[in-house]
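Data block below; observations after.
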Amino acid sequence: MDPNKRPDDMQRINTPELAQAFIDEQVQAVREQAGDGKVLLALSGGVDSSVVAALLIKAIGKNLICVHVNHGLMRKGESEQVIDVFQNQMDANLVYVDATDRFLNLLDGVDEPEAKRKIIGGEFIRVFEEEARKVGDEVDFLAQGTIYPDILESQDGVKAHHNVGGLPEDLQFELVEPVKLLFKDEVREVGRALGLPEGMVERQPFPGPGLGVRCLGAITRDRLEALREADAIVREEMEAANVGAWQYFAVVPDVRATGVRDGVRAYEWPAIIRAINTVDVMTAEVPELDWALLKRMTDRITHEVPGICRVAYDLTPKPVGTVEWE
Ligand code: XMP
C-alpha cells in the first residue's frame with residue numbers, strides 16, 4: 001500500500017467524533033514511530049503546523065521540540081498567540097526565536113519584490129537550520145504539516161513540495177507527517193477537536209514572507225508598524241461585520257499623500273484595503289463591501305494608526321491583479 005495515497009474508502013473527517021477517532025489513531029501511530037525519540041517541528045502558527053504540533057504534544061509531550069521563528073513580519077499578535085497557546089496552555093517544549101533584527105537588517109533598502117522574497121525565504125531556512133543544529137544530536141525525527149493537496153500537487157508537478165525544504169544534507173531526519181492524507185477542512189476539524197482556538201483553526205492563508213510583501217518597496221520599521229496596526233483594524237472590522245470574504249488584509253505602499261490633521265498639513269502614507277473571494281485562488285473577485293463598513297475602517301485607520309492619513313479600497317480582480325501586491 002502506498003503510504004502517500006489516500007485509500008479510496010477513507011471517510012471524510014467532518015464531525016468531532018470522526019476527528020477524535022483520527023486523533024486517537026494518530027497518537028498511537030506517532031508513539032509507535034517515534035518511541036522515546038525526539039521530534040523537531042517548525043511551528044509557523046499556520047493551520048497545518050499548529051494542528052501537527054497539538055497532535056504531537058498529545059502523543060509525545062516534551063519529546064516534541066517546536067521552533068517558532070518570528071521574522072518580524074508576522075501579523076499583530078500572531079507570535080504572541082503561538083507562545084500563549086503552545087507554551088502557556090499546552091506546556092509545549094517551544095523554542096521561540098525573535099529574529100526580527102536579522103531579517104529587517106538584511107532587507108534594509110531592498111525594494112524589488114522577488115529580491116525581498118528570496119532574502120526572507122533564505123534567511124528563514126538559515127535560522128531554522130541553526131536551531132536544528134543546536135538540538136540536532138538529540139533529534140531523530142522531523143515533523144511536517146504536509147497535507148494531501150501538497151502531495152497531489154507535487155505528484156502533478158504543479159509545485160515542488162517543500163515544507164521545511166532546504167535543510168542541509170547532513171541533517172537527515174526521518175519524517176513524521178500525521179496529517180498528510182487529510183484535506184484542509186479535515187485538518188481544521190481535527191484542530192478543533194484538539195482544542196485549538198477558532199482564530200487559529202480558521203486562520204486565513206498568509207504568505208511565507210508575511211507582511212514583508214504588503215509593506216511595499218523598501219521596508220522601514222515605522223511603515224511596517226503602521227501596516228501591522230492598519231491590518232489588525234481591517235481584520236477586526238471585517239470579522240465583526242461577518243463579511244465572510246475568503247481573504248482580507250491591508251497594504252501600505254511607499255508613497256506619501258497630503259492630508260490635513262488637526263488643522264495642519266499632514267504628509268503621510270495611504271493604506272490600501274484588499275479583500276477577495278475565490279474558489280481556487282487562480283482567479284479572484286472583489287466583494288462589494290458595505291459602505292458603512294468601508295467608512296468605519298477608513299475612520300479607524302486614519303485616526304488610530306500613526307502615519308496614515310488616507311485609505312483606498314482595491315477593486316482589482318485576479319486577473320488582472322494578483323491577490324498580493326508583491
Ligand atoms: P497571488 O498574489 O499569487 O496569491 O494571487 C494567491 C494566494 O497565495 C498566497 N501567497 C502565498 N502563500 N507563500 C504562501 O504560502 C507565498 O510566498 C505566497 N505568496 C502569495 C496569497 O496570500 C493568496 O492567498
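Using the three backbone atoms N, Cα and C, a Cβ is placed for every residue, glycine included.
Feature annotation from TrEMBL assigns domain 'GMPS ATP-PPase' to 17-203.
Reduced to three states, the DSSP call for G46 (ATP binding site) is coil. Look at TrEMBL and you will find S44, G45, G46, V47, D48, S49, S50 tagged as ATP binding site.
The most densely surrounded of the binding-site residues G45, G46, judged by C-beta neighbours within 10 angstroms, is G45. The least crowded of the binding-site residues S49, S50, judged by other CB atoms within 10 A of its own CB, is S49. Sequence-ordered, the extra residues of this chain that approach the ATP site, with Cβ no more than 8 Å from the Cβ center of S44, G45, G46, V47, D48, S49, S50, are L43, V51, V52, A53, G145, M200, R203.
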